Amino acid sequence: MLCPICQDTNSRVLESRSAESGKSIRRRRECMNCQHRFTTYERIEFLTITIIKRDGKKESFDKSKLLRGIIRSCEKTGIEVSQLEAFVNQIEVELQGKCQREITSAEIGEIVLSKLSGISEVAYIRFASVYRKFQGIRDFVDTLNHLQNQKENLEFTATVPQNSEISLQQDVINV
């Protein structure tokens with residue numbers, strides 16, 4: 001490692017420790033030439049993810065832009081910003097796990113919506129209204145119905161014992 005004082009490349013590591021929640025290693029070094037002590041960091045180099053927008057334009061993934069949009073949709077819901085930062089970090093990890101250099105904004109929007117539905121229904125509706133470009137009340141109603149159906153399906157699956165036979169019967173009533 002190059003010494004910042006004398007530019008010598010000969011140094012020794014005095015101490016190493018994990019930093020930034022395990023995403024980097026902090027090393028304390030000493031130059032063998034001038035005995036100057038300095039700190040270096042080793043970080044994982046993530047894939048550069050390119051977002052393909054609806055209009056076909058491409059831009060680099062901007063974690064802070066995603067966070068701003070999610071914070072806006074979660075205003076006055078009582079969700080802490082630190083929780084939202086962790087939420088965005090999870091999304092970034094998921095995107096990195098796909099090992100794709102390019103991903104559509106639609107894919108990211110769907111990932112966000114699937115995760116928001118478990119956190120806040122209000123935030124889900126707000127995010128969906130911007131992401132899906134709602135044109136009127138019908139779009140809100142359709143999304144609310146979809147969210148309600150998802151919730152009912154989850155509740156139904158949670159009450160059904162595993163490995164049991166289920167017989168569903170539909171009653172039709174003519175009025």
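Heads up, the Cβ atoms here are built off N, Cα and C, so glycines get one too.
Annotated features, as they stand in Swiss-Prot:
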ZN_FING   3-34  zinc finger
DOMAIN    49-139  domain 'ATP-cone'
Checklist outcome for this item: Confidence over the zinc finger (3-34), expressed as mean pLDDT on the 0 to 100 scale, is 92
Checklist entry - Using DSSP, how many residues of the domain 'ATP-cone' (49-139) fall into helix, strand and coil, respectively? => result 54 helix, 9 strand, 28 coil
Next on the checklist: What does the DSSP secondary structure composition of the zinc finger (3-34) look like, as residue counts for helix, strand and coil?
Outcome noted: 0 helix, 17 strand, 15 coil
